[in-house]
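All remarks here apply to the structure that follows.
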Amino acid sequence: MSKSPKHFLDINELPLSELKSMLDASSAMKAKQKAHQPVRPLEGKTLAMIFERPSTRTRVSFDVAMRQLGGEPIMLTGAEMQLGRGETIADTARVLSRYVDAIMIRILNHDALLELAANATVPVINGLTRRSHPCQVMADLLTYQEHRGPIEGRTVAWTGDDNNVLASWAHAAERFKFQLNVATPPELAPKKAMRDWIKASGAPIMLGTDPEAAVRGADCVVTDTWVSMGDKEGEHRHNVLKPYQVNAKLMSLAKPDALFMHCLPAHRGEEVTDEVIDGPQSVVFDEAENRLHAQKGILAWCFDAVK
């Protein structure tokens, strides 16, 4: 009997030991790549990359990651796939499983991701959904670890609105046991399902509306663009979110050596000022690079190639 595939769908679905092994593998492979000693454990493997919408960072980072590991990526767009509109998602999963060795999908509908994973016989990786963005937060955790050491016991502050990146930060807080302080406008706060999960899981997460209270004494300050994928509200959201901008005054409330993170692309002058994103505490381009390295760790883990 063949064993079940190792899916990477959400951070809170995996044991801490597995998550740490991915980060350790990411660090090791990054060091090898920088030393011109590439590790190629995925020779002969093929990754299908499904994109419902155009993508830059996710597409390039997964493409390069798979190639650096010795494998071959194949890109499929939503227009080519007609995912769930012609052939069912379940049948698509079964067919692709006969052709490729793993599937990475970037799709808004999280339930479609779950259906794909339930029917695939090869590993499925969540490249992003409207509900969560675990690959990004694994890159963020790797970045924090590189600059400041283990994140356990530290304090991370999120200021802005509720979105998929915040959800994955919440999942990480529950697993890695760091304090997550969240500040959002009341109308853009985490929804009931997330609030219920926080309560049930006992995750060390504080939800509030005051950005200064959230950031005070933090080791890391995180924000994201105020208009997420698919959002059509514009001016109203910006007006509501103005008090949540990360600027020099807000950063001064965090610890002196606090890091600033943003998954990019950033709307400068909106959720963050130039002074902060270009300042000495900002690690946003390290985060962007670490999408590549973190995803190499995830891919290697999916194929049982983590040493």
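In case you wondered, yes, glycine gets a Cβ from its N, Cα and C as well.
Taken from Swiss-Prot, the feature carbamoyl phosphate binding site applies to S55, T56, R57, T58, Q82, R106, H133, P134, C135, Q136, C263, L264, R291, supported by sequence analysis. What Swiss-Prot lists as L-ornithine binding site is N164, D224, S228, M229, and the listing cites sequence analysis.
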Greatest C-beta neighbour count within 10 angstroms, which of the binding-site residues S55, N164: N164
Winner by Cβ contact number (other Cβ atoms within 10 Å) across the binding-site residues C135, C263: C135
Separation of alpha carbons, D224 (L-ornithine binding site) and R291 (carbamoyl phosphate binding site) (Å): 16
Rounded to the nearest Å - Cα separation of D224 (L-ornithine binding site) and C263 (carbamoyl phosphate binding site): 7
Candidate with the highest Cβ count within 10 Å, taken from the binding-site residues R57, H133: H133
Length of the line joining the Cα atoms of N164 (L-ornithine binding site) and H133 (carbamoyl phosphate binding site), in Å: 6
In three-state DSSP terms, the structure that D224 (L-ornithine binding site) belongs to: coil
Around the Cβ of D224 (L-ornithine binding site), the count of other Cβ atoms that are within 10 Å: 26
C135 (carbamoyl phosphate binding site): secondary structure state under DSSP, collapsed to three categories: helix
